[in-house]
Amino acid sequence: MLKNYWLTSWRSITRNRVHAAINIIGLAVGIASCILIYLFLQHELSYDQSFSDADRLYRVTSDMSLNGQAKKTALSHGPLAQTLTEEYPEVEQATFLLQMGQNSLRSKENALTVGISYADSNFFKVLPFPFVAGDPATALQNPFSVVVTEELARKYFGSADSALGKPLTYIASTFLVTGVISHPRPSHLQIDAVFPLHFDTNTEYMLNQWQMVGGYTYLKLFKAEQAGALTSKMPELYNRKAKPNQQMDGIAVTGYNIQPITDAYLDKDLEYPVGDVGNITYIYIFSVIAVFILLIATINYINLATARSAKRSKEVGLRKTIGASRSQLVKQFLAESFMLTLIAVVVALSIVELILPLFNSLTERSIDTIFILKPEVGLFILGIVIFVSFMAGGYPALYLSGYKPVEALKANATPNSGNARLRKALVVLQFTISLILIIGTVVVYNQMQHLKGVHLGFQKEHVISVKIPSIGWVRQKEKLALLKKEMLELPQIAYTSSAQQLPGEDALVSDFQVEINHKMVTRTINHIGVDYSYIDLMGIKLAEGRGYSREIRSDETHSYLINEAAAREFGWTDALDKRIKLPDDTLTSKVIGVVKDFNYKSLHSKIEPLIIRLEPHFGRLLTRVNTEADLSATLADMDKVWKKHFPAFPMDYQFLDESFQQQYRAEEKMLIIFTYFTILTIVIACLGLFGLSAYMAEQRTKEIGIRIVLGSSVSEIVLLLSRSFALLVLIAIVMAIPIAWFSMDKWLQNFAYRIEISWWVFVTTGLAAMTIALATVSYQAMKAALADPIRALRTE
Amino acid sequence: MSKEEFIIETQQLEKKYITDTVETTALAGVDLRIAKGEFVAVMGPSGCGKSTLLNILGLLDSPSGGTFRFLGQDISHASERQRAKIRKHNLGFVFQSFNLIDELTVEENIGLPLAYLGIPRAEADKRVKEAMERMGIAHRHAHFPQQLSGGQQQRVAIARATVSNPSLILADEPTGNLDSVHGREVMSLLSELNDAGTTVVMVTHSPSDAEYAHRIVNLFDGQIVTESLNARKHAAELL
Ligand SMILES: Nc1ncnc2c1ncn2[C@@H]1O[C@H](COP(=O)(O)OP(=O)(O)O)[C@@H](O)[C@H]1O
Ligand SMILES: [Mg+2]
């Protein structure tokens, strides 16, 4: 019997090639999307799972208050690690890590920009990075040692083994390689080179003070079950150690928590994360879209199967006459959908295999095809097969097997009207989903364009920033001054300057004393450090007062620029000469000017109050190139100047407009994926329409023949057949608009600078969908109308 | 004749079709008894209810009134599941339009009833082969229905109807789509089956086909108007 089911299914599939192809393509694309998203999800959930004892590894997080505003951060106090290890029996070992950003690290042959981390000597006892060479227990004991990853060791020394004991130069000191680690990936930690925290007294100081938070505390429990016990002790720890030791205004820690290391990556609500942060929201969005694609393909199956039922009813009747029971027929139809789904899975796996490199580059992940061999992925695919077979085959099976044999055997079984109504409802559903996604994509695209074009308050084009290698701060200061002077002599360069923070990057945050109503009040404020010519170079406009000037000596020591937002925040109608002081400063500074608001952070947020400090000696070199100058020639000239001062270092430069754009990179990539998926949904929906209209036309062959014989024109026939589909698409448009509008408006509320969704978005997407749908249907209608009417009439 | 030997007994069998506006009475009180081993021909003008009667006798349709006993059992109100079971075990059908499944080969078409009965593969193959040989279509076993002539298709249909050794064969104008030579061939096959003990009820328009039956039932407007014994057939059997 089973063989009979298979055979019949196989023949039914091969007899109706177009029908089968539509189903297989649709289901395969749907299934492939689901597999891809599932692999993506698996990958995102697997962060830090490959650390041995991952279940015992935790990170301390801090609740903080910033001007009374509560924030959660991944940061914590330096002495916490030692306290936890010594005073808390649950903790086997804890460690403190500082992430120092990117900097240059040199061997004799090679200078590379790498991620720099400082850690106490327990680091590798807590975080079990596998050692390829060296001893984890002692690797960070000597202050002038460094542990590097295998990749780095290979770049510097050719191999991991030969790296041990070799010197690397960082800032002005030499460190010997004492360990080579392999980096278990994926991981939220981005480690390239780890230095012992105590080589630098400035950072060692972090370990002994409870005022500042700036690093990360990781700990290993003796047993995973002790997490609860430790969590309940955290308030006591905070009250006993941190609270009495810090000033509670401005920035302050208000509590501690612990978090499994495996949750670190996906916790996007924590500020100051260690390294990469994933966004589970994207995964949810994509999962929903993938399920939609699968749903649309499933609907195609149901619609085509029931549309074809008139043809198959005869077969059903016959089988029943011969003695088939209903359950036997249900099984047969399910066998058919099962077989089709299986074929679709095979095609889907090939699609996944083909598309994975593109998907990886879009998502910036490295998901391996080997993933497919994992048992849980196999189970997932099996689940899809069963689910889709029943979803797609279930209704047609029940419906078709319910035919009464006598009626079914009649020459012209009339298609059931209730069934046709269901089909129409499903087509409306398909197009509603597609339209929502299309409108969504258009809105996201428009918003991204809007962000690019929004008035930034500065001129981001033609600005080049160059990193100064760490060669010790005295020499860095010297070189920066020389570079500014010499590059300004190049005819193409209009301004040179320097800044510690560039637009699009995080500003510093500190507590300032600010004069409000004649009293000095502590306020936590963003601040950046820039050179004299920064305002001019950036094209930032002054609202009041003046910019920094070399001629005025006091600017060097006690003058500040602020932005309009700061003036508003402090309630200053006349901001000039108002007093501002950093607690560490000896002198109280005066406001000398107010700049018009410019976007120094991401466009996600509104412009916050900002203090612009004068810092002419450090930071990145900035040049503004004349608009008409040739950029590559200018870069070559700049490089010549650079080579005079830094013959050993390549000029590490970036265009400001590009680096500014970086902050939207994740969104732009997601938009691309979003667009691909959206195109797929509409294509698959149209495939279904194509198949459906073919059956409609076939069913009405005779009617069309008669109409043509009676003198109807081809266009009248096309109109006749298209009209009902046009109505369905129209209903879908009407249904999609409010849903899309509501959900996209909600999404736009995340942006400080947002567009309003205009009516033409709906009109154009609606028109586009209608055009595509009608083109699809018209093809079949044309074919039917152009067929030889005599033959059509003879078919009975 | 004792009661147990009737394979079919109907009393005041009625069938009404109710469509949106009109009510059609297809059968208006049919009393019919068919004995085991009988060959009955049902005749009458088009639209008089012959097919309706046959479908009810074949348990493909249920009557709107009256009683219907099949092998002594009242099944006027049997469920679809029970009726499917009786069909599968006792009945074979032959139609005017052959009604073979286009997607299956000759062999597979014939084997289908056995598959539904759950008969083991080897046994089923044997019986399919015998049936094909009996019908003279063994050399066409791997062909699909469209590749056969009308006569051949009808022989496949008869092979399929008989392969499960049903006690009753119902044939609705089995020769209607065939020329006279093939028609006679089909009739003699049915006749042979009847000789071997199978009860046959056949709807026909053709008096010469009716000659093969023991008894001819004439229907008109949903009622039996005359019943006549086929003297020649009885005489032949007595010899
Ligand atoms: N499914 C049906 N719905 C409505 N009327 C029907 C149906 N089937 C048959 N009839 C009507 O019942 C009567 C008997 O039909 P049928 O048994 O097919 O006649 P015959 O086979 O003798 O030509 C006819 O008037 C026919 O129109
Ligand atoms: Mg008839």
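Every residue gets a Cβ built from N, Cα and C, even glycine.
According to TrEMBL, the features are:
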TRANSMEM  A:20-41  transmembrane segment
DOMAIN    A:21-228  domain 'MacB-like periplasmic core'
TRANSMEM  A:282-304  transmembrane segment
DOMAIN    A:288-403  domain 'ABC3 transporter permease C-terminal'
TRANSMEM  A:338-359  transmembrane segment
TRANSMEM  A:379-400  transmembrane segment
TRANSMEM  A:425-445  transmembrane segment
TRANSMEM  A:670-696  transmembrane segment
DOMAIN    A:677-785  domain 'ABC3 transporter permease C-terminal'
TRANSMEM  A:717-742  transmembrane segment
TRANSMEM  A:757-777  transmembrane segment
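Contact between the transmembrane segment (A:425-445) and the transmembrane segment (A:717-742) is supported by 3 or more Cβ pairs under 8 Å, counting only residues 6 or more apart in sequence. Remote same-chain residues near the transmembrane segment (A:282-304) are listed as 19, 22-23, 26-27, 29-31, 33-34, 36-37, 40-41, 44, 337, 340, 384, 388, 391-393, 395-396, 423, 426-427, 429-430, 433-434, 437, 670, 673-674, 677-678, 680-681, 684-685, 687-688, 691-692, 695 (criterion: CB distance under 8 Å, separation of at least six residues from the stretch ends). Here the domain 'ABC3 transporter permease C-terminal' (A:677-785) is broken down by DSSP into helix, strand and coil counts: 94 helix, 0 strand, 15 coil.
If you take every residue in the domain 'ABC3 transporter permease C-terminal' (A:677-785) and average the pLDDT, you get 86. As a summary of secondary structure, the domain 'ABC3 transporter permease C-terminal' (A:288-403) carries 104 helix, 0 strand, 12 coil according to DSSP.
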